[in-house]
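Undergrad: I'd like to ask you about the structure that follows.
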Amino acid sequence: MLDPKYLRSDIAEAAARLATRGYVLDVAAVNALEEKRKDLQSRTQELQAERNARSKSIGEAARRGEDVAPLKAEVTKINEELETSKVELDALLAELKVIADAIPNLPSDTTPVGRDENDNVEVRRWGTPREFSFPVRDHIDLGEAAKGVDFKNGVKLSGSRFVVMKGQIARLHRALAQFMLDLHTLQHGYTECYVPYLVNPDSLYGTGQLPKFSQDLFNTGIDGEGEEEGKVRKFSLIPTSEVPLTNMARDEIFDEQELPIKMTAHSPCFRSEAGSYGRDTRGLIRMHQFDKVEMVQLVHPEKSWEALEEMAGHAEKVLQLLELPYRVMALSTGDMGFCAAKTYDLEVWLPAQNTYREISSVSNCTDFQARRMQARVRIDGKPQLLHTLNGSGLAVGRTLVAVIENYQQEDGRIAIPAALQSYMGGLTHIG
């Protein structure tokens, strides 16, 4: 959520910056609602002051032995007007909140301006794509040949965009997640967390999935136990462990010396993939359920840009140790996620597709999520909004795809990257 004070004082500037994201802010409509809010708020305060003054007069008149019935009648009338004014004000504030909740974060000054992914800017590359002396096979063919990727049973058990992994492919998938966690916790300073896979609406609001992106979620329709009577709180499956990790800061005030807080978690992620019809219908690239190792940082508001570069480096280190060629892209304003002020995508080379594909997104959300969550840090004795960052470190399934395709051998076997062999019991090849 953007700063309401900024929207009120610099709405034209905000609208111009949001327009680079393809978001049209109706300035005239917002200004009209704001004027109405100020009038209603002023009227409500005047009525409260008038009621308090009249109520005080009743006590004074009673002490003098005067008839207080006329004054009580006036107070009753004022209370009726006040109640009407409060109802109108609450309705107007709710309308303004609906608008505010739908406004994305402001792009940073260093975010490339563009309409979509075609306007993303390459920042750097690492590694050289391997030249094969034999016809390249894709991960589906290789995985099925190794009897480790079973889409048929995935469809039978659940439907399209699900898979069953078996044998050494399943083991390799597990090894990748363990390797990533060990790297981030032992070398990069993150604390490993095991988090709930079911979260409440407050959590999804805090990290920006609700209310705008409800169609992307899998909702259980089940209430949590012990909730307040009359308050419906449905559980949803997490689309990423960013949601529970970041929301642990909700309604908290940290001391300055506690920051940065760096957390990581390995979890399944559940996404409806609404709007992805016809895209990546084969293989492991776009699934309803996939595993990811997530990184989250809660930082001092003056240090988030430094933290963004650091987090991108942490994700890159995974690919470097696996010796997988990749490139780093700065996303354009039109391609960024809702909460991000700036995002780097890491794209890994997939030989069978002869292109780079996204394997990680690392974003600085500045104070956007923190404002929704009221996550703060005490600086010079005064609570201020902290900054939140999140990034994939990495998407495990897509990393598996990259390893299978980049490490394929002419005889159909899959070589195990040196960094993973200790996690595979010394195994050097699959197949």
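Including glycine, each Cβ sits where the backbone N, Cα and C put it.
The L-serine binding site annotation in Swiss-Prot covers Thr240, Ser241, Glu242, Glu294, Ser392. What Swiss-Prot lists as ATP binding site is Arg271, Ser272, Glu273, Glu358, Ile359, Ser360, Ser361. Positions annotated as region 'Disordered' by Swiss-Prot: 41-66.
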Undergrad: Taking each of Thr240, Ser241, Glu242, Ser392 in turn, which of these binding-site residues have a Cα lying within 10 angstroms of the Cα of Arg271 (ATP binding site)?
TA: Thr240
Undergrad: C-alpha of Ser241 (L-serine binding site) to C-alpha of Glu273 (ATP binding site): distance in Å?
TA: 17
Undergrad: With an 8 Å cut-off on Cβ distance to the Thr240, Ser241, Glu242, Glu294, Ser392 Cβ center, who else from the chain surrounds the L-serine site?
TA: Val243, Leu245, Ala265, Ser267, Cys269, Lys292, Val293, Met295, Val296, Asn390, Gly391
Undergrad: Neighbour count, 10 Å Cβ-Cβ cut-off, for Ser360 (ATP binding site): what number do you get?
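TA: Other Cβ atoms within 10 Å of Ser360 (ATP binding site): 29.
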Undergrad: What's the CA-CA gap between Glu294 (L-serine binding site) and Ser360 (ATP binding site) in angstrom, rounded?
TA: 9
Undergrad: Between the Cα atoms of Ser392 (L-serine binding site) and Ser361 (ATP binding site), find the distance and write it as a whole number of Å.
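TA: Distance between the two Cα atoms comes out at 6 Å.
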Undergrad: Between Ser272 (ATP binding site) and Thr240 (L-serine binding site), find the distance joining the two CA atoms and give it rounded to the nearest Å.
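TA: A Cα-Cα distance of 12 Å.
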Undergrad: Roughly how many angstrom lie between the C-alpha atoms of Glu242 (L-serine binding site) and Ser361 (ATP binding site)?
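TA: Ser361 (ATP binding site) has its Cα 12 Å from the Cα of Glu242 (L-serine binding site).
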Undergrad: Quick one: largest C-alpha distance among Thr240, Ser241, Glu242, Glu294, Ser392, binding L-serine per the record, in angstrom?
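TA: Roughly 10 Å, rounded to the nearest whole number.
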Undergrad: Run through the Cβ atoms and count how many others sit within 10 Å of the one on Ile359 (ATP binding site).
TA: 27
Undergrad: Just to confirm: which same-chain residues, 6+ apart in sequence, have a Cβ under 8 Å from the Cβ of Glu273 (ATP binding site)?
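TA: Arg161, Asp216, Arg286, His288 - these are the non-local Cβ neighbours of Glu273 (ATP binding site), listed in sequence order.
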Undergrad: Using a 10 Å cut-off, grab the number of neighbouring Cβ atoms around the Cβ of Ser361 (ATP binding site), all chains included.
TA: 21
Undergrad: Express in Å, rounded to the nearest integer, the largest CA to CA distance found among the ATP-binding residues Arg271, Ser272, Glu273, Glu358, Ile359, Ser360, Ser361 named in the record.
TA: 19
Undergrad: Please list residues from the chain of Thr240 (L-serine binding site) whose Cβ is under 8 angstroms from its Cβ, counting only those at least six apart in sequence.
TA: Ser267, Cys269, Lys292, Glu294, Asn390
